[in-house]
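These features come from TrEMBL:
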- 77-110: transmembrane segment (TRANSMEM)
- 122-141: transmembrane segment (TRANSMEM)
- 174-193: transmembrane segment (TRANSMEM)
- 200-222: transmembrane segment (TRANSMEM)
- 249-266: transmembrane segment (TRANSMEM)
- 287-307: transmembrane segment (TRANSMEM)
- 338-367: transmembrane segment (TRANSMEM)
- 388-407: transmembrane segment (TRANSMEM)
- 413-435: transmembrane segment (TRANSMEM)
- 455-477: transmembrane segment (TRANSMEM)
- 483-504: transmembrane segment (TRANSMEM)
Amino acid sequence: MESSPDSKHVKDRVEEEIESIDQDELQMQSLGYKQQLHRGWHLVESFAASFCALNFIGGVRSALFLGLLAGGPAAIWSSYLITLVFMCITAWVLAEICSALPLSGSIYIWSAESAGPKYARFFGFIVAWWSCTAWMTFVAGNCQTTANYIVSQLAVWEVDFPGGVSNDNVKWRALIWAISEGLLVLSIAINYLPPRLYSAIFKFSVFLMMLDFFLCVIWLPIGVSKTYGFRSAKDVFTQTYNGTGAPAGWNWILSFLFTAGTMTGFDASGHIAEETKNARIVAGKGILSSAVATGVLGFVTAILFLFCTPDLDTLFALDAPQPFVQIYAMALGKKSSIFMTIIAVFGLMLNTSIAVVAASRLVFAVARDGVMPGSKWIGKVDSEGQPKNAVTVIYIFAACLLCTILPSQVAFYSLVSAGGVPTIAAYGLIALLRFTMTPNEFKSSYFFLGRFRRLFYFVTVLFNGLIVAVMLSPFFFPVNALNFNFACVIFGAVTVFGVASWYFTPEEKWLRPELVAQALKASEQPPVA
């Protein structure tokens with residue numbers, strides 16, 4: 001009895017997946033690691049890991065006001081186009097090395113291997129500290145951002161809060177803290193779902209963000225046309241503004257704090273590479289496709305919001321912790337603003353949960369190599385191949401970080417503001433090391449840049465170096481104790497910790513030279529047929 005075409009197709013598909021898993025495991029073995037995590041995700045999940053961690057709609061909506069203060073509408077759209085181009089180049093540089101080294105904790109391993117055997121441990125330690133700091137502080141910061149959306153409904157409905165809506169009011173800070181901690185618990189709880197169920201979370205997150213986007217594209221303009229009216233094209237494309245007090249040129253450049261901030265985090269696809277089938281190709285595609293999609297959709301969203309926000313005087317007079325909630329109320333009505341707030345809150349919660357996926361795989365990878373206190377427990381995976389203990393570590397760290405809201409909101413903002421710097425710095429450092437130390441390595445990569453590689457490395461170094469300078473710069477001038485940007489202090493301290501860890505940790509404990517050399521040699525071999 002002959003099999004039907006459908007059954008033959010299913011059989012071929014199963015055989016292809018088995019072969020893919022075998023090739024993935026063989027590649028891991030050649031790099032010096034064995035398969036511990038489950039491996040059942042595909043391109044959709046790889047794309048969603050970065051696309052949802054970036055969260056273009058939430059990022060643009062939350063930080064648009066920073067861009068308006070720094071240069072105004074003209075700076076926003078022009079800086080966004082520049083950021084889109086150079087961040088996609090950066091994504092290609094990362095996709096190139098990800099294809100050669102598709103491992104969890106990817107970004108610090110990429111840095112180590114890019115430096116070559118002699119300096120691998122030094123740069124690996126530094127970037128491990130950078131990336132862990134970045135992803136773990138992002139989780140806490142995103143919970144507080146989400147809480148701001150919720151409490152902004154108090155301003156919409158003109159509800160008086162005891163002591164006033166101010167960060168100087170300890171009761172207000174306690175409310176923000178309590179809500180943030182509750183949101184953190186919910187976001188973490190989602191991460192304890194089995195991997196096969198979490199695949200649905202990835203897909204639903206993409207759906208929810210696109211629903212949010214289309215509601216803004218369709219519903220918001222209708223509401224604006226019936227209320228306060230659109231901004232003119234002249235305002236959107238030519239109006240400038242200096243709300244930072246910085247010199248005119250630097251004020252404009254500070255707009256990159258907004259544009260680059262919305263496109264930072266596409267390395268998440270690399271962090272789940274060990275859980276992705278055919279990771280050599282799929283993880284890199286996830287990095288590239290999410291960067292392009294986020295950049296294009298983020299730019300469209302920024303232009304849309306510039307047309308749909310009220311004039312700058314009205315905009316800067318809004319007093320809610322998240323002014324966009326008040327904009328929804330002005331354009332759509334108070335009741336409709338609740339619906340849009342719910343969509344935004346759920347989107348940010350899923351955004352946080354997916355960031356925890358990336359962060360936990362990073363922590364797992366560091367623990368797997370044995371350098372972290374409690375490494376044996378942290379690096380343990382459950383029967384379904386999931387690093388739940390690493391997820392718990394992320395929760396403990398983020399919950400403790402949120403507690404700094406209680407004594408001082410400034411202290412919390414300072415800690416969180418430094419979160420984006422290490423990731424951008426790592427992007428630039430990898431490109432710098434590829435340009436100077438290993439420009440002719442990793443030619444077996446599926447995304448090998450060929451003769452354009454030195455140009456790509458060079459412009460990636462320059463652009464990400466500029467963004468690091470922007471993120472470390474004071475945002476308001478003249479600088480005083482109240483508006484000093486402590487990101488430079490925190491970033492410096494984290495770097496010192498990384499150097500100290502490298503100095504005091506024996507070679508046989510973490511990133512052993514022979515393991516680095518083995519991975520570098522294996523990455524040069526052609527893929528298994």
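Quick reminder: no glycine exception, Cβ is built from N, Cα and C everywhere.
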Non-local residues, at least 6 beyond the ends, that sit with Cβ under 8 Å of the transmembrane segment (77-110): 24, 27-28, 31, 33, 37, 67, 71, 124-125, 127-128, 130-131, 236-237, 252, 255-256, 258-260, 263, 266-267, 269-276, 279-281, 283-285, 287-288, 290-292, 295-296, 298-299, 302-303, 306, 361-362, 364-366, 368, 423, 426-427, 430-431, 434, 442, 444-449, 453, 456-457, 459-460, 463-464, 519, 523
Cβ-based contact of the transmembrane segment (338-367) with the transmembrane segment (455-477), 3 or more pairs under 8 Å: no
Remote residues contacting the transmembrane segment (287-307) - C-beta distance under 8 A, at least 6 residues beyond either end: 47, 49-51, 54, 56-57, 59-61, 64, 67, 73, 76-77, 80-81, 83-84, 87-88, 90-92, 94-95, 98, 213, 216-217, 220-221, 224, 230-231, 235-236, 262-263, 266-270, 447
